[in-house]
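K.L.:
The following block contains the structure, expressed as structure tokens.
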Amino acid sequence: MKKTTLLVILDGWGYSDSDYFNAIKNANTPTWDSIWQEFPKTLINASSLEVGLPRSQMGNSEVGHVNIGCGRVVYQELTKIDKAIEEKTFGDNKAICAAIDNAIKNDSNLHLIGLLSPGGVHSHEEHIFEMIKIAKQKGIKRLYLHAFLDGRDTPPRSAEKSIKKADKLLQDLNLGYIASVCGRYYAMDRDNRWDRVEKAYNAIVNANADFIYDSALEALEQSYARDQSDEFVIPTCIKKDGHLVKVQDNDSVIFMNFRADRAREISHAFTDESFDHFPRKKHLNINFTTLTEYDSKLKCAVAFPPEQPINTLGEVLMKNHKTQLRIAETEKYPHVTFFFNGGREEQFEGEDRILIPSPKVATYDLQPEMSAPEVTDKLVAAINSGKYDCIVCNYANSDMVGHTGNYEAAMQAIEYLDKCIARLKDAILEHDGNMFITADHGNADMMVNPETQKPHTAHTTNLVPFIYVGHKKAQVALEHGKLSDIAPTLLNVMGIAQPKEMTGKTIFNFEK
């Protein structure tokens with residue numbers, strides 16, 4: 001029987017001494033409290049420069065899992081795109097130039113779609129504004145912005161400022177206008193809720209929506225009047241001078257999100273010839289360009305293609321003939337597979353994967369336990385089987401329930417996770433294995449913004465825990481660690497040499 005090394009990633013579980021609406025600190029967590037007292041622990045960085053993001057930028061699930069799995073600081077798309085804009089090479093990008101040239105050659109429209117937000121998690125509005133300026137410089141006559149609204153990585157009702165900026169820029173350049181708005185709940189689903197994606201797609205492509213208004217600001221105001229915050233704005237079309245905008249053959253569409261997981265579904269609706277998740281009027285003959293690669297199967301141009309890192313944790317385990325398991329529920333499954341493997345879709349030899357479906361509820365505060373019971377059942381069975389040298393799992397609760405802004409539900413989620421951790425601890429210790437518990441970023445550690453006294457639905461920049469649970473004696477060797485130090489630590493406890501590509505350092509020293 002193999003002695004399993006288990007990495008538990010508690011998504012959105014940040015550390016804060018403050019008890020002000022801190023769902024993690026204020027929840028009843030007897031198992032967590034005892035582990036925190038009994039076993040070696042430290043706090044590590046999961047945001048900003050330490051994970052390859054701009055200074056003070058909060059971390060996120062994609063970035064976190066890439067850094068953990070690669071064992072090095074991986075500079076993120078946000079940083080790369082910011083650099084291209086700063087160095088004035090953004091407008092020279094071949095894919096972007098081809099999309100603009102297509103619209104000019106065909107005297108057709110250029111559509112920009114994406115999350116209009118300063119959040120910096122899935123997109124950044126400054127990238128959209130820069131693209132608008134470049135389009136004007138290169139001779140585009142008609143540009144239409146289809147704005148997805150955030151309210152999740154930003155305050156729930158904060159889109160007005162972004163819409164006003166976009167409106168002013170388009171007006172100043174006499175270039176076009178915001179042609180549709182919708183909450184990211186619809187356009188950026190990642191859990192096969194195609195009914196939501198269909199509403200967003202129809203508003204963008206067919207100008208078919210439940211609501212039509214004269215301006216994006218009016219659409220936002222009316223949405224607030226219906227008590228729908230930014231994230232949940234029902235797809236709405238904007239009518240200017242009696243004209244509704246549709247996406248037509250020979251148009252160019254540039255998707256301005258840089259993060260893949262929530263951009264895939266609607267991209268497939270635009271590009272797949274045999275798409276069958278909902279009816280489309282026709283398969284459009286358009287130039288579809290994405291800022292980064294969302295899915296290798298998508299038929300589209302990519303402005304900033306991925307760089308595939310070598311010797312990630314998964315690859316090193318394979319080369320050392322170790323068996324590994326990745327497990328998560330739907331919401332975080334891409335993170336423990338695709339992102340953890342540095343953007344690689346294919347499984348490594350000896351790598352098994354278990355996907356547990358996320359519950360079909362409108363928002364996860366309605367079911368704070370999500371699919372944690374099923375994830376835990378599978379994990380305990382895998383540990384007991386003695387089949388795996390290394391298991392990587394993700395619990396989505398503290399992030400996904402944290403994003404709802406529901407403090408009571410977030411505490412319930414944390415308390416349920418505490419029960420799950422108790423089961424994992426018992427199984428690991430019984431089989432003389434090793435368990436590491438960490439997080440990819442913070443979230444549920446601040447459920448209300450202390451400055452505004454309003455719900456805080458975004459991630460935090462707080463440090464995250466890193467705990468060792470096992471029978472080995474361990475000492476903290478690195479006081480100021482970061483996510484990229486986790487993989488080297490796992491290799492250390494497993495007795496596997498760290499490859500030179502992994503620049504992280506081991507956080508704990510283990511007695512031989």
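The count begins at 1 with the first shown residue.
Just so it is clear, glycine is given a Cβ too, placed from its N, Cα and C backbone atoms.
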K.L.:
Can you match one of R142, R184, R344 to the substrate site that Swiss-Prot gives for H122, R152, D153, R190, R259, A260, D261, R262, K332?
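P.N.:
My reading of Swiss-Prot gives R184 as the candidate in that site.
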K.L.:
For the Mn(2+) 1 site that Swiss-Prot assigns to D399, H403, which of the candidates H431, H459 is also assigned?
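P.N.:
When Swiss-Prot describes the Mn(2+) 1 site, the candidate it includes is H459.
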K.L.:
Check Swiss-Prot for me: it has D11, D440, H441 binding Mn(2+) 2, so pick out which one of S48, S56, S61, S484 it puts in that same site.
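P.N.:
The candidate from S48, S56, S61, S484 that Swiss-Prot ties to Mn(2+) 2 along with D11, D440, H441 is S61.
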K.L.:
Residues near the Mn(2+) 1 site, D399, H403, H459 excluded, by Cβ within 8 Å of the Cβ center?
P.N.:
D11, G12, N60, S61, R152, D153, S398, M400, G402, H441, N443, A444, T457, A458
K.L.:
Around D11 (Mn(2+) 2 binding site), which residues of its chain at least 6 apart sit with Cβ under 8 Å of its Cβ?
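P.N.:
Within the chain, D11 (Mn(2+) 2 binding site) has Cβ neighbours under 8 Å at S61, K332, H335, N394, Y395, A396, N397, S398, D399, M400, A439, D440, H441, N443.
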K.L.:
Give me the Cα-Cα distance between H459 (Mn(2+) 1 binding site) and D153 (substrate binding site), rounded to a whole Å.
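P.N.:
Distance (Cα to Cα, whole Å): 6 Å.
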K.L.:
For the Mn(2+) 2 site (D11, S61, D440, H441), what does the 8 A shell look like? I mean other same-chain residues with CB within 8 A of the CB centroid.
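P.N.:
Filtered neighbour residues, in order: I9, G12, A46, G59, N60, G64, H65, K332, H335, D399, A439, N443, H459.
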K.L.:
For R262 (substrate binding site) and H403 (Mn(2+) 1 binding site), what Cα-Cα distance in Å is obtained after rounding to a whole number?
P.N.:
15
K.L.:
Work out how many Å separate H403 (Mn(2+) 1 binding site) and D153 (substrate binding site) at their Cα atoms, rounded off.
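P.N.:
Here the two Cα atoms are 8 Å apart.
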K.L.:
Using a Cβ-Cβ cut-off under 8 angstroms and a sequence gap of six or more, which residues of the chain neighbour A260 (substrate binding site)?
P.N.:
E62, T292, E293, Y294, D295, P334, F338
